[in-house]
């Protein structure tokens, strides 16, 4: 039986990847961060918590001895590092914590692999936020990086140290530069899920208005469940490499808001510009969307769009779910949750 470690298993990607690996017959050592309020709702929603081959562990990625202990205990063939302080906005208020987890944590895991068994295959979750102030459109594996947040900078360290260990110690280290990928399991601190959850509440008359920051920000959004398949495929190749996973389509936050309201049959029209822009229900005249400057970031990333042609050519991977389908899927899940009186 193949064995894998998945760090960050309580998150969106970690939960989907754990499910995928279990379905493929793996024994999975799934880790989550020590905290006062551990929440494994995603694991529960996918109905895998009691799977006989899933082993859940509290784990501190910032502690080197914990990394060595985990790798020694699990003796994995594959390690997927998805653990991170992964919210861009929080990284501005918690830059040191972000660096410790998202940057140095990668080094700790790679060192543990180098010491215990350099033949272990390693996947590092890199991000399109490393491109930041984009130098090329669309972005590929060869596009220069220009991160615009402490999160992007920390992820760039994790990316480069993975490549460094690949070249220095012959470790099978793959880096997946994943563009934004969403799902019903996305956290509400991320803009797409904030939108779908709030629009669901508006549709159910539980909330009156959605407040957002930069409506002009453009992102390449895909379906997270498809992206974890790409992660797995990277580690099945004969040679380690770096791959972009994306949809090669970009839409504004405003576009996603419009899709969300369309999914619940509420007619919406935007008026005004900048901080004065509003979204109005054309049937009732109610203001349903407002811009709040508090949600603007100190340094914005304006445009991300990825070219996944290398992943398609080598891995046979490509996105299948359209953004409209994804938005509808998320809205429907949030409506059901809010009808039941809860929303994670």
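Backbone N, Cα and C define each Cβ position, glycine as well.
Here Swiss-Prot flags 127 as active site. What Swiss-Prot records for 129, 151 is active site, nucleophile, and it gives sequence analysis as the kind of evidence. Marked as NADP(+) binding site by Swiss-Prot: 8-13, 60-61, 82-86, 155, 181, 186.
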Looking only at Cβ atoms, how many others are within 10 Å of the one on residue 84 (NADP(+) binding site)?
25
Reduced to three states, what secondary structure does DSSP give residue 84 (NADP(+) binding site)?
coil
What subset of the recorded positions 8, 10, 60, 84, 151 lies within 10 angstroms of residue 129 (active site, nucleophile), using C-alpha positions?
151
Could you find out if DSSP has residue 8 (NADP(+) binding site) as helix, strand or coil?
coil
Using the structure shown, find which entry in 60, 129 (the recorded positions) has the sparsest Cβ neighbourhood within 10 Å.
60
Non-local Cβ contacts of residue 8 (NADP(+) binding site) (under 8 Å, 6 or more apart, same chain)?
14, 31, 32, 33, 81, 82, 83, 84, 86, 125
Between residue 127 (active site) and residue 181 (NADP(+) binding site): CA-CA distance (Å):
10
Applying a 10 Å Cβ distance cut-off over all chains shown, what neighbour count does residue 82 (NADP(+) binding site) have?
26
